[in-house]
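S.K.: My questions will all concern the structure given below.
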Amino acid sequence: MAVDTMESVAVVAVPFPAQGHLNQLLHLSLLLASRGLSVHYAAPPPHVRQARARVHGWDPRALGSIHFHDLDVPAYDSPAPDLAAPSPFPNHLMPMFEAFAAAARAPLAALLQRLSTSYRRVAVVFDRLNPFAATEAARLANADAFGLQCVAISYTVGWLDPGHRLLSDYGLQFLPPDDCMSREFVDLVFRMEEEEQGAPVAGLVMNTCRALEGEFLDAVAAQPPFQGQRFFAVGPLNPLLLDADARTAPRHECLEWLDRQPPESVLYVSFGTTSCLHADQVAELAAALKGSKQRFVWVLRDADRADIYAESGDSRHAKFLSEFTRETEGTGLVVTGWAPQLEILAHGATAAFMSHCGWNSIIESLSHGKPVLAWPMHSDQPWDSELLCNYFKAGLLVRPWEKHAEIIPAQAIQKVIEEAMLSDSGMAVRQRAKELGEAVRASVADGGNSRKDLDDFIGYITR
């Protein structure tokens, strides 16, 4: 591809302002910039800062290849998560979501207008929760819009047709959105979709690959809303690290600790950035980890606030942790701040991942050949756990979704930990995850389906 052709095209990435969405579009932005494209990343100021601070797996200098733009929105409340809320959905983020949905359009429109006068073509890659970006792209004669699918493409099959043949053939259960998300969030999503209905979209970019979801990709392509659109399954978007990559400085303390552990001996425990465990559940999980006598790295932190820079940094678990860390010294490590998940999953000492089953975490874990102990919390996570355990066969279920309001006792958690780490059935799941990891990594290698789709996407936007 001629350099002048690449430089005459601007890619504008418009993420939804939540961690699991911010990082997927930043990974894609870095991939495209590494291929010589001019890439612009646009989000509210705290979320630009957050995305830059938390991205990992890349050479830090790579961020210099991205043009970052602030989308100014009015001030919004940034409360702490409500630990007494009846639903695990992070409804404390709704003021920020509402402010973004109402106000991000105008600064984005101004940015697109400005770029359209400087570049031959503008490709707007927007999180599908931001349909207004497609509307603004359609106002420009030299712009195309592409939705980014930040969740499993199979989730879209269930959303459009819960009775689809693929679900029934594999015995998969899809839960209605109202069961797993707050009514306020579902209403916001539908309202935004209705307001932007009819905005032309040139195609769909997906953080998945045919090795994982090939059947579901074909099923979605056949659905009326997507017929005629171009599909680019370019995942995994996250870098694929070798164990050696996890040993480059500067290093997090947990990686130094992992260096001292035997191969495939450590359970990594983390529940993402939008989930909290009640104190009683923390105590039960702690008892399970201690009772299992397995090595572990446990990231114990509450859900992000809307503005992570407004957080106090104090842990509500300080008193509990002082005793627990003493009792498990040498066996486990508790991290109360941000942890480098990709490096942990790539590390040779890590055997498995107990997770909330966000799609980022699922695909990061599988791409490094690590099975998942599934503990879904909200949103698409119950579906991801269903896909993981009953379709990929690379996970074990810790907590069924129907028990999400219950405290899971230590004995039940410990049983799953021991199955994953010690039993023949757990070994089969771990072997299956390794096989999937090899297939996923082959997808992004030369000649792989995801590499081809990324090449096709770049070829299309630079045509």
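Using the three backbone atoms N, Cα and C, a Cβ is placed for every residue, glycine included.
Sharing the record's features from Swiss-Prot:
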- His21: active site, proton acceptor (ACT_SITE)
- His21, Asn91: anthocyanidin binding site (BINDING)
- Asp127: active site, charge relay (ACT_SITE)
- Ala339, Gln341, His356, Trp359, Asn360, Ser361, Glu364, Asp380, Gln381: UDP-alpha-D-glucose binding site (BINDING)
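Could you place these features in context, so I can see how deep they sit and what lies close by?
M.R.: Neighbour list (His21 (active site, proton acceptor), Cβ cut-off 8 Å, at least 6 residues apart, same chain): Pro15, Asp127, Leu129, Cys150.
Around the Cβ of Asp127 (active site, charge relay), a 10 Å sphere holds 22 further Cβ atoms from the protein chains shown.
According to DSSP, Glu364 (UDP-alpha-D-glucose binding site) sits within a helical segment.
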S.K.: DSSP secondary structure for Asp127 (active site, charge relay), reduced to helix/strand/coil, please.
M.R.: strand
S.K.: With every protein chain in view, how many other Cβ atoms are within 10 Å of the Cβ of Ala339 (UDP-alpha-D-glucose binding site)?
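M.R.: Its Cβ shell of radius 10 Å holds 21 other Cβ atoms.
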S.K.: Give the distance between the Cα atoms of Gln381 (UDP-alpha-D-glucose binding site) and Asn91 (anthocyanidin binding site), rounded to the nearest whole Å.
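M.R.: Checking the Cα atoms of Gln381 (UDP-alpha-D-glucose binding site) and Asn91 (anthocyanidin binding site) gives a distance of 16 Å.
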S.K.: Hey, what's the widest CA-to-CA gap across Ala339, Gln341, His356, Trp359, Asn360, Ser361, Glu364, Asp380, Gln381, the UDP-alpha-D-glucose contacts in the record, in Å?
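M.R.: Answer in Å: the longest Cα-Cα distance is 23.
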S.K.: Tell me the Cβ contacts of Glu364 (UDP-alpha-D-glucose binding site) under 8 Å, same chain only and six or more apart in sequence, or just say none.
M.R.: Pro236, Asn238, Gln341, Leu342, Leu345
S.K.: With an 8 Å cut-off on Cβ-Cβ distance and a minimum sequence separation of at least 6, pull the same-chain contacts of Asn360 (UDP-alpha-D-glucose binding site), or say none.
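M.R.: The answer is Gly20, Asn23, Gln24, Asn207, Asn238.
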